[in-house]
Amino acid sequence: MRDPLTDCPYNKVYKNLKEFSQNGENFCKQVTSVLQQRANLEISYAKGLQKLASKLSKALQNTRKSCVSSAWAWASEGMKSTADLHQKLGKAIELEAIKPTYQVLNVQEKKRKSLDNEVEKTANLVISNWNQQIKAKKKLMVSTKKHEALFQLVESSKQSMTEKEKRKLLNKLTKSTEKLEKEDENYYQKNMAGYSTRLKWENTLENCYQSILELEKERIQLLCNNLNQYSQHISLFGQTLTTCHTQIHCAISKIDIEKDIQAVMEETAILSTENKSEFLLTDYFEEDPNSAMDKERRKSLLKPKLLRLQRDIEKASKDKEGLERMLKTYSSTSSFSDAKSQKDTAALMDENNLKLDLLEANSYKLSSMLAELEQRPQPSHPCSNSIFRWREKEHTHSYVKISRPFLMKRLENIVSKASSGGQSNPGSSTPAPGAAQLSSRLCKALYSFQARQDDELNLEKGDIVIIHEKKEGGWWFGSLNGKKGHFPAAYVEELPSNAGNTATKA
């Protein structure tokens, strides 16, 4: 059985971050263990030094007072003071560093377990839905095959049966038809539910990813605070620990917590590689060219299924238009909505776009089969190269790979496109200051990019694009082969300025 989660980029990114976080937690525990040993040594040394100071004091009590004995008395007091310093240092390390660190680590461990359970729960829903779809499909295929055999029996025996036998067979055929329609609807609904469970899992991964990043920031802040407190206590030792403290202070003075946090963000950043999610498509008995069903029969059964998809496509398209209008209103009227409303609407837009893509892929597949049966030219659709099949025993399964940027970038793009939807064509607008200089800059496509909107450019790996404007939200505007449009900045690499000058002169 094919695993729908194995090759998911979301899953890989989340697991990489978990591994990174686990390494950071192990380091934090090792540092805390070292501090505990240091505290034990300080307390043990303080006790030993206190005993020596007491012995020296007793010896001085039985000694005649003199300049020498007075000097040794100061030495005894010095031992006591030093012992007190070591005692305070050991206790301070325990109370201000070790105890808070273990408390934070325990809370973080519970939080990680909760996040892992949440991810596992939603992942199981995806796998369960995937298996339910295949099970429902197999059941539908068997029922369709039996129904078709019964249908053929009725058709072939009409002339040789009595009216009573005909009624009996027709009643049986009617019940079979009702059962088949019920199983067909059940299969269709499970297929439609597949995208929502997948979205829930991806959103859970996204949220858990952000939560673990926050735990990493907290851990880095904790380690920095421990170092600062450690530095303050060491400073109290005075001249005897100056050399050691100087070395530590130099190292601590170089700490830039913002830089550390930025390093974590960069090291665990989501790569801008194209994310393609796999979704099962509906497969029907009527599509099997090797079935015993005749051509006209197959066409008559495929058309209602195609009409159902077209109705859903029309509804999803209207929903899309409504959501686009809402986003434009939010963008143009800042007092009308808050950031949460805009984000929620963008999420609904993303969900609707995914549903529309899946419906169109199913519709294209059935339309292609119907065109083949009616000997018409094959329809064209951008998803034609994204539909794949694999065979399992006597069944063939179809699935589509839909390009989907990662959630944060995806929602930013939706809001950005909605806010710019009412503006004039970028190609005909007045260039801003510096635009003439920028237009001579070039970039090279690192990955292929399939445009999903009319104002986007199709990119192939190695294409050289002229940059006209660098927009916010990770999208640039440029031209390729005379066509202007937007393209994702993460898919290209900007060439040196001399490359742009050379291209301009040419």
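Here the Cβ of each residue, glycine as well, is placed from N, Cα and C on the backbone.
Here is what Swiss-Prot records for this protein:
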DOMAIN    1-260  domain 'F-BAR'
MOD_RES   S114  phosphoserine
COILED    160-222  coiled coil
DOMAIN    292-372  domain 'REM-1'
DOMAIN    438-497  domain 'SH3'
MOD_RES   S479  phosphoserine
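Note: the CA-CA distance between S479 (phosphoserine) and S114 (phosphoserine) rounds to 48 Å.
Following the DSSP three-state reduction, the secondary structure of S114 (phosphoserine) is helix. According to its DSSP assignment, S479 (phosphoserine) is in a strand. For the domain 'SH3' (438-497), the DSSP counts in helix, strand and coil order read 5 helix, 29 strand, 26 coil. DSSP states for the domain 'REM-1' (292-372), grouped as helix (H, G, I), strand (E, B) and coil, give 75 helix, 0 strand, 6 coil.
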